[in-house]
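What follows is a short report on a single structure.
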Ligand code: GLU
């Protein structure tokens with residue numbers, strides 16, 4: 001796809017979304033990054049996003065967030081797809097892969113450029129040192145975009161949202177973070193940009209994901225505001241922790257989901273989410289029952305689940 005056609009696609013999607021009568025229909029998603037095989041924490045997110053969407057007669061989509069090519073773990077995309085089948089989840093649209101959509105994200109950077117909201121930055125990690133707040137060194141240098149990181153400007157005000165489980169969360173991006181990177185110098189599109197653009201283009205209304213992403217939300221709200229996208233609802237789930245007190249993650253060597261035991265694992269995931277007990281059965285029947293008795297309020301309104309998981 002050329003940038004021109006993606007630009008047309010993006011503008012017509014924008015117009016369509018504004019007029020879309022189904023705009024208010026709940027749409028949710030499960031958006032794993034293939035940086036390792038799915039683990040029990042990923043299953044909790046998949047189950048909760050699915051059940052919450054279906055309990056609202058909504059749509060549920062799957063998106064593979066694979067823009068960070070160097071971090072892709074061989075075989076993990078395949079494991080994700082096999083897991084979707086093994087647990088008998090039925091996505092309401094074809095699964096999309098972000099690495100096929102890079103032109104769209106480039107086009108959105110151009111749109112932000114026209115609004116004078118992005119700039120090229122030549123600061124290396126070494127130059128920034130241990131300073132986690134970017135002070136805007138390159139903001140007014142008007143450097144050419146080629147082969148440089150691209151940052152978006154932030155402003156000095158509180159951005160707040162009301163999370164359905166975690167309550168109110170606010171950040172002043174200027175003082176907490178500074179202008180942040182949308183595209184790295186090596187050309188990799190940052191997760192923050194791709195997630196916002198695709199949530200919009202896929203018509204999402206709700207984001208259900210792990211509480212480890214809570215602190216990313218204000219950045220995503222800010223980008224959505226700059227692009228005139230509608231606001232989303234957020235549900236950040238408490239995280240499953242291992243015996244070292246770390247969240248289950250690919251980096252911490254969490255065990256890959258055993259796809260030969262989908263029913264047992266579904267039962268455990270629903271138990272971890274404090275949903276009413278569910279009998280072992282075929283996965284799709286268990287999911288149906290889980291949707292029928294789904295109660296978001298029973299999920300602990302905290303950032304961590306009780307107990308130890310592997
Ligand atoms: N791709 C992200 C991850 O696997 C999740 C993104 C999101 O749900 O917003 O951690």
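Using N, Cα and C of the backbone, Cβ positions are placed for all residues, glycine too.
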Any idea which of 32-42, 43-53, 54-64 is down as motif ''HIGH' region' in TrEMBL?
32-42
Among 191, 229, indicate the single residue that TrEMBL lists for the L-glutamate site containing 29, 30, 31, 32, 33, 65, 209.
191
May I ask you to indicate which of 242-246, 247-251, 252-256, 257-261 is given in TrEMBL as motif ''KMSKS' region'?
247-251
Scan 29, 30, 250 for binding-site residues whose C-beta lands under 6 Å from an atom of ligand 1 and note them, or write none.
none
If one takes Cβ-Cβ under 8 Å and requires six or more residues beyond its ends, the residues near the motif ''HIGH' region' (32-42) are 64-66, 68, 71-73, 75-77, 79-80, 83, 191, 210, 239-240, 247-251, 254-257, 265, 268-269, 272, 309-310
Row residue 30 (L-glutamate binding site), column other C-beta within 10 angstroms, all chains, value 26
For each of the binding-site residues (29, 209, 250), count the other CB atoms lying within 10 A of its CB, then report the residue with the highest count.
29
At the Cα level, what's the spacing in Å between residue 191 (L-glutamate binding site) and residue 250 (ATP binding site), rounded?
17
Filtered by Cβ under 8 Å and at least 6 apart in sequence, the residues in the chain of residue 31 (L-glutamate binding site) near it are 62, 63, 64, 65, 195, 198, 209
Across every protein chain in view, the count of C-beta atoms other than its own within 10 A of the C-beta of residue 33 (L-glutamate binding site) is 20
